[in-house]
Amino acid sequence: MTDDASKTTAPQVDAVRPAKKKNKSFSAPKGVLDYVPSRSATFVAVREAFAQNAAAAGFGHVELPVFEDTELFARGVGESTDVVSKEMYTFEDRGGRSVTLRPEGTAGVMRAVIEHGLDRGQLPAKLSYTGPFFRYERPQAGRYRQLQQFGVEAIGVDDPALDAEVIALADRCFRSIGLDGYRLELTSLGDSTCRPQYRQKLQEFLLGLPLDEETRRRAHINPLRVLDDKRPEVKEMTAEAPLMLDHLSAEAAEHFDTVRSYLDALGVDYLVNPRLVRGLDYYTKTCFEFVHDGLGAQSGIGGGGRYDGLMAELGGQDLSGIGFGLGLDRALLALEAEGKSFGPQSRVDVYGVAMGREAKAQMVHLINQVRQAGLRADMSYGDRGLKGAMKGADRAGARYALVLGDQELEQGTVVVKDLAAHEQVDVALVDVVQVLRRRMA
Ligand code: HAM
């Protein structure tokens with residue numbers, strides 16, 4: 001209805017009715033992002049590029065629940081981690097079960113592998129996944145309460161070549177979307193033969209320091225986390241702390257050396273960071289993080305590692321695994337920080353503009369044919385007039401506009417406007433699809 005029409009047809013009684021109160025509108029929950037066009041197109045393109053790289057390396061997709069038994073994360077990720085102790089979205093369902101929105105993907109994948117007996121098939125079981133994860137963190141730029149990851153897990157084989165493949169795959173994922181302003185940091189967290197002794201050594205060292213109460217408590221529960229403390233005074237105090245890399249068992253040291261030699265052979269650059277600490281408890285041996293220089297405090301764009309005891313911890317066989325999680329939200333921020341774009345820069349290739357009822361009927365048909373020919377196409381709706389409709393073509397980022405009015409209908413032609421070259425030609429209606437296909441090829 002136009003404004004004029006509403007003026008003439010609105011019943012008089014409306015004027016004396018009290019103005020209707022506007023309903024409250026809503027915002028997304030705190031720390032939770034919406035992806036809307038055009039950023040959402042980049043999001044999908046990045047996610048698909050990552051998935052393609054994983055598929056090319058033989059990873060099969062798994063689609064898993066976003067909530068699981070709370071116990072799975074408590075046991076899998078570790079009670080002493082911030083993720084489990086402070087950040088989980090845990091609630092009781094109507095049946096009285098404690099469930100938790102998944103804070104990460106590895107524990108759920110492992111649960112599914114055990115449940116479906118994938119560990120009894122060909123090994124390693126190579127699986128990829130993507131979707132939202134939930135952590136009640138303090139929101140800030142690059143740190144969200146619903147975060148999006150793309151991840152892979154390769155389960156069942158303890159082979160340094162597999163560690164190198166997984167790390168190289170993560171690197172390829174980032175490179176394939178055009179990122180290069182990041183570094184790969186690598187370390188080994190040792191195995192069950194050397195880690196306990198090292199942990200005790202580190203703990204003794206830390207408890208001899210004048211730490212504040214909270215940090216002292218952490219040194220008791222999870223001493224490695226203290227090495228990750230960003231406060232300068234703590235950093236200074238722990239500068240001489242014993243390092244895991246100096247206390248590796250012969251087997252863990254050989255594993256680490258072999259991973260490194262494979263990465264060298266693959267041409268994947270890395271930096272050994274003996275103080276690298278991950279926020280999840282299940283890691284053993286190889287551990288890594290991709291750190292981007294343009295993201296400020298939340299600089300980890302992806303990370304992962306080997307987790308040799310996890311499957312047994314979750315009631316399965318005693319098999320090892322390695323994987324990574326890449327942050328999709330942060331990958332987008334990294335692209336923006338590097339001033340790069342990825343994925344389609346337009347919504348459609350072709351945009352139809354029809355003037356008049358008959359022309360519109362013809363255009364509906366024509367646009368349908370263009371889509372069937374494999375081109376992306378949209379058209380103007382709502383009788384906006386030529387100028388408004390052409391603006392729509394521009395906004396959609398179309399390469400070609402198809403204009404159809406009475407004159408063209410009479411001649412059986414369509415005006416094909418090349419919006420980039422600012423040229424136009426009349427093309428017979430029957431030939432339009434073919435002409436567009438040729439030009440877009
Ligand atoms: P993570 O390091 O906790 O590892 O998360 C992986 C990536 O998810 C991070 O590097 C970061 O890019 C992104 N991320 C994490 N938290 C947030 C947040 N609050 N907001 C935005 N992005 C975030 C894991 O989750 C492991 N499951 C990875 C893994 C798989 N390890 C072995 N297999």
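Yeah, the Cβs are placed from backbone N, Cα and C, and that goes for glycine too.
Less than 8 angstroms from the CB of Tyr283 (L-histidine binding site) sit Leu189, Gly305, Arg306, Tyr307, each of them six or more residues away in the same chain. According to DSSP, Tyr283 (L-histidine binding site) sits in a coil region rather than a helix or strand. Positions annotated as L-histidine binding site by TrEMBL: Glu104, Gly105, Thr106, Arg135, Gln149, Glu153, Arg278, Tyr282, Tyr283.
According to TrEMBL, the feature domain 'Aminoacyl-transfer RNA synthetases class-II family profile' maps to 45-344. Here the domain 'Aminoacyl-transfer RNA synthetases class-II family profile' (45-344) returns a mean pLDDT of 96 for the predicted model.
According to TrEMBL, the feature region 'Disordered' maps to 1-25.
Look at the Cβ of each of the binding-site residues Glu104, Arg278 and count the other Cβ atoms within 10 Å; the largest number goes with Glu104. Summary for the binding-site residues Thr106, Gln149: the Cβ-based neighbour count within 10 Å is maximal at Thr106.
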